[in-house]
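Colleague: Let me begin by handing over the structure; questions about it come next.
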Amino acid sequence: MTKKVTKAGSISRRRLLTTASAGAALAVSPFRINLLQAEEAPIKIGFPVPLTGPYGAEAQDQVRAGQLAVAQFNDAGGLNGRKAELVVRDDKLNPGEAATRTLELVEKERVNFVVGSLSAAVQLAINNVTKERGVIFNSISQSDAINEAADFSKYTFHEALNPHMTSGAVGRYAFAKFGKKVAFLTADYAYGHEMVRGFLEVGKEFNIENLGDIRHPLGTTDFSTLLPRLQALKPDILCISNFGRDQQIALKQATDFGIKKSIQIIAPLLSHASRVAAGPQAFEGVVGGCSFYWGIEDKFASTKAFNDAFRKMYDGKLPTDYGALGYGGVRTVLEAVKGAGSVETDKVVAAQESLKYDYYKGPQYYRKCDHQSVQSVLVIKSKSKDMKNESDVFEVLSTEEPNEKYLRTCEALGHKS
Amino acid sequence: MAGLSFDLIALQLFAGLALGAIYVLFAIGLSLIFGMLTVVNFAHGAFYMVGAYVGLYLISIGGNFWICLVAVPIAIGLFGLAVERVLIRPLYGRGIDYPLLLTFGLSYVMVECVRIAFGKTGYPFDTPEVLQGAVDIGVGYFPLYRLFVIGATAVVLLALWLFLEKTSFGLIIRAGARDPQIVRVLGVDVSRVWLIVFGIGTAIAGFAGLLAAPLQGVIPEMGGTILAEAFVVTVVGGMGSIGGAVLAGLLVGVVVSMTSLFAPEMAKVSIFALMAIVLIVRPQGFFGRAGLMS
């Protein structure tokens, strides 16, 4: 028995040595590159998004459009034949879950890049994991904190708008038009807080009066106990800063309470998927912002091309705002990979920093200090009649053109100029 | 924030009662099933959700809300009968955790089936036209539809009370809940009684789901949040007590509403704080029978 084991052991040791020396010989030979490439796995992009839970509708669109960006990259030949692949995970809108899934994506799936998230809080959890491990993360949901020096790293990119830009654009439009007395109904987490801060900041220019801010937990299904109070404040504008299903229910119930009769409702972001899920009645007349609306295809060839490709891949469906972000987030990383000619992190970071791109919504670029994508913000209003198709849900009221003056300065964010 | 007026407090109180009516409607089905069958029905939220989807489907094929008010409870009740007969019945007499685990698993299966059939994203569910808008109730405007929900809840409660207290079948049900052994000895088919009780409980859950749909739209996960709140209501009211569920449901609604007025961020926690206080002072709840769980 003992003898046998020893024998087997010695054979395997000999085999190991042979293999190792062959490997070493290969490593120094010029053939190794080709050989490695043939064996190379696809370029993997980890994609953690909240597929289940209150933001599920939006997250599914992110995945669809992300898949489109990957398909286009692969159809165009990939990186010298090397294909890309999207590895989708459900982060359940929970920072802890997202951190675990991201760690898995990085350590087990060995993803080259991470794109995703749909929450101001969750993306910071993902970013913590990726920046520690030196993996590029392109965030496709709103956050101000992710731009700030404390959370930023050179591996962190932010393709989405941030609350400062969004609330700025919506505030400049609404405060000039609808009145100065403003009440807030806010989802009680980073997204809501940052939006309100942004509105109050831009509100200073218009001397708005803050009548009060009522906060509700994420995932609230009944706002009936909050609405009488807001109504009693008698504001000109009710600013509802929440998202996904919370937004759908809040707008529906505010409509039921007759709030729209005397008060203009605004929202920092009007989500396309939520508008479709909640129906025209709930969103009627509400003004808000967005990063993308398919209807700007008359204005930009890139939008038209993106819409057409999306339609073709998904039976005539049109992309939504968050879908477009999924596309933009994945496409910018893959274009940077092409530009760098490699998946090596530092090279891709440099290539992505130098992108001046127009992939789906007009010109954009990443600001050097915080990797925030400088881009336009659309101010939109929900339609309830004259809709040409099921995606014809918004009317673009105005566009704030891309300009660094609408971002907080690099110094204010704590970056060394 | 300034602006606390009598009208606002009165309106807030009313909003609390209206919210409480929704809790009551959801919780009585749960309480009925537990009180009579000692089955903790974790799938109650799933029946509620399926009720909303059945309503959605009926309307999409040309039905209207008023037809749904009758058809949905019947459909969900029949479904409940099938579930009891096939899945729950073999587990009677095996302890409280068997049906609990079964219904817990069943709720996942039901949610997943609905996701497959209708998709993961939600659907709008318009308030029936005649019930749209808000009416002046003296202290402020209140949505007409919510008043309708209060009325519908009252009707269901009255019907249930009449059925249980004034019919001979109701007498058998109450007797069966107290001592199934004796009832069986007297020649009554207890399993048939339980079957019907489970059917009624789930029918009310489906009805509640349909009523909730115009308030918040329809989504596969809609039964999840309300289930947690409904368990608080049944525990506070006393496990298995229908009267307790009514009182506790209204109380929870008012507590949430009043907390929302003064400290909105505490509103969600206040439900559980209330439960903790009640459990410390009166562990069996308002009208609970001690020892039902053992």
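Glycine too: its Cβ is placed from the backbone N, Cα and C atoms.
All annotation found in TrEMBL is predicted automatically rather than curated by experts.
TrEMBL feature annotations, pasted as is:
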TRANSMEM  B:6-26  transmembrane segment
TRANSMEM  B:33-58  transmembrane segment
TRANSMEM  B:64-88  transmembrane segment
TRANSMEM  B:100-118  transmembrane segment
TRANSMEM  B:144-164  transmembrane segment
TRANSMEM  B:193-219  transmembrane segment
TRANSMEM  B:231-257  transmembrane segment
TRANSMEM  B:269-287  transmembrane segment
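Where in this structure would I find these features, and how exposed are they?
Modeller: Long-range contacts of the transmembrane segment (B:6-26) within its own chain (CB-CB distance under 8 A, at least 6 residues past either end) are made by residues 44, 48, 137, 139-140, 142, 146-147, 149-150, 152-154, 156-157, 204-205, 207-208, 211-212, 215, 226, 229-230, 233, 245-246, 249-258, 260-261.
Tertiary proximity for the transmembrane segment (B:193-219) is limited to same-chain residues at least six positions away from its ends with a CB under 8 Å from its CB atoms, namely 22, 25-26, 28-30, 32-33, 36-37, 39, 41, 44-45, 47-56, 65, 68-69, 72-81, 83-85, 88-89, 92, 121-128, 131, 145-146, 149, 152, 156, 160, 169, 172-173, 176, 183, 226.
Away from its own ends, the transmembrane segment (B:269-287) comes close to residues 229, 232, 234-239, 241, 243-244, 247-248, 251-252, 255-256, 259 of its chain (Cβ-Cβ under 8 Å, at least six residues beyond either end).
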Colleague: Select the range from B:33-58, B:64-88, B:100-118, B:231-257 that forms the most Cβ-Cβ pairs under 8 Å with the transmembrane segment (B:144-164).
Modeller: B:231-257
Colleague: How about long-range neighbours of the transmembrane segment (B:33-58): same chain, 6 or more residues beyond its ends, C-beta under 8 Å?
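Modeller: Distal contacts: 26, 65, 67-68, 71-73, 75-76, 79-80, 83, 88, 92, 96, 99-100, 103-104, 106-107, 110-111, 114, 118, 123, 125, 173, 176-177, 193-194, 197-198, 201-202, 205-210, 212-213, 218, 220-224, 226-227, 230, 234, 239-242, 292-293.
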